[in-house]
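Quick look at what TrEMBL lists:
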SIGNAL    1-19  signal peptide
DOMAIN    30-143  domain 'Plastocyanin-like'
DOMAIN    156-298  domain 'Plastocyanin-like'
DOMAIN    382-523  domain 'Plastocyanin-like'
């Protein structure tokens with residue numbers, strides 16, 4: 001090799017090394033603590049002595065390394081809601097993919113936020129820990145050279161909102177384990193706090209007149225949809241679940257369980273205090289909480305007259321569906337997105353499989369269960385992904401005990417078993433969620449974003465496809481299905497792994513309204529899926545088995 005050739009390859013190697021995407025390292029200590037989200041002291045779960053937990057602030061394609069120390073007295077797992085973990089369901093953090101972190105031990109999550117931007121959140125999936133905290137926001141920014149469709153804000157704020165129960169997470173778990181419902185929440189919180197109109201206290205945020213601020217909202221609650229609005233200020237919606245949207249101004253926005261979005265708020269009102277108002281949606285017992293925004297230098301209190309909530313009941317469903325229809329994908333924005341090369345458009349692909357899922361509430365031997373198509377999921381002792389990888393899946397579960405169509409007696413008969421759908425890699429799939437109950441549902445799929453092409457009243461039939469938005473539906477990972485309504489989503493199964501498809505209503509999730517989608521590449525190649533990481537914790541029937549050879 002001559003000197004010039006050697007120099008070229010040396011320079012190429014240096015360039016490749018320097019081109020590796022940046023790393024962000026976190027060390028989290030998970031502990032119990034005492035807080036009063038609704039004014040009543042109770043046990044919560046803290047991350048580094050805080051709730052909400054730390055904000056993960058990163059950029060598209062960054063590598064995230066989180067070393068989690070479990071100082072609780074029970075096993076613990078964390079999932080990253082909306083992060084797709086391309087080729088890497090090993091760290092998805094659900095009971096179907098990972099062994100829990102045992103008390104007094106630690107585990108390091110390593111993943112890349114590949115080709116994603118937007119607002120997401122993390123939360124625990126073990127026991128009923130979600131009801132106790134240990135959650136926070138993930139902010140993924142566009143890379144510096146990629147323009148975003150709005151000017152840089154003066155500042156940005158991460159806000160988690162949701163319902164809260166005074167029962168405590170262990171009492172709630174005991175209720176569910178005994179076949180009973182957790183009941184209705186006791187109130188709402190904003191970043192772990194609640195307040196009433198007229199309450200004295202420090203402001204949550206400070207504005208400077210004339211400046212614009214970005215708020216990232218995530219509904220991390222157990223079961224309650226909310227609506228939020230700023231007193232005296234419009235909101236410009238700019239991002240929803242990782243997609244830039246066509247920008248419209250809203251006086252109020254619905255936020256369903258598991259969903260995140262970003263709004264811009266401009267400080268264009270007379271200097272004083274204003275309330276951020278969060279209220280419950282579609283609940284028999286309404287709840288409202290507030291937080292204060294203060295203009296810099298102001299000492300005038302906020303008006304006690306709050307902006308009204310949107311309508312409820314039947315009129316409220318129509319209002320919310322219309323708001324859903326107003327969300328359109330900004331196709332001219334430069335950002336990470338599915339299929340950035342533009343080689344296909346989702347509205348022009350032939351559907352290879354349709355899966356219609358009907359949710360139901362049932363009692364089995366006198367105990368409450370929830371199901372999809374008459375199957376109520378239960379986690380086996382060994383995570384599904386590990387059983388599959390080690391070649392012992394047949395000892396823990398059966399594939400496809402759930403049909404692609406609901407049975408005629410879906411509301412009556414329920415089978416309790418691990419619920420795993422065997423899906424074909426790279427198929428283009430249509431999933432229909434049909435809600436025949438009188439409560440709102442919200443569904444989420446790990447590992448993917450899908451195109452939410454329709455939400456409509458009534459029952460679905462193939463003729464309803466003519467009403468799909470096949471042009472600019474949002475690419476997202478959650479969809480809300482209102483009482484007596486259906487929703488349709490479409491996606492390409494191009495991310496190999498074992499992925500959770502679940503109700504975001506955590507009572508329903510815990511009692512079986514979930515399934516896993518197994519997407520296996522026939523090549524079993526590193527091109528399509530990473531091998532089992534060396535640091536993976538093993539449990540169940542694979543605990544002492546030799547690891548299979550990795551993919552090549």
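Cβ coordinates come from backbone N, Cα and C, glycine included.
Across the residues of the domain 'Plastocyanin-like' (30-143), the predicted structure has a mean pLDDT of 98. For the domain 'Plastocyanin-like' (382-523), DSSP puts the residue distribution at 20 helix, 57 strand, 65 coil. In terms of DSSP secondary structure, the domain 'Plastocyanin-like' (156-298) contains 9 helix, 71 strand, 63 coil.
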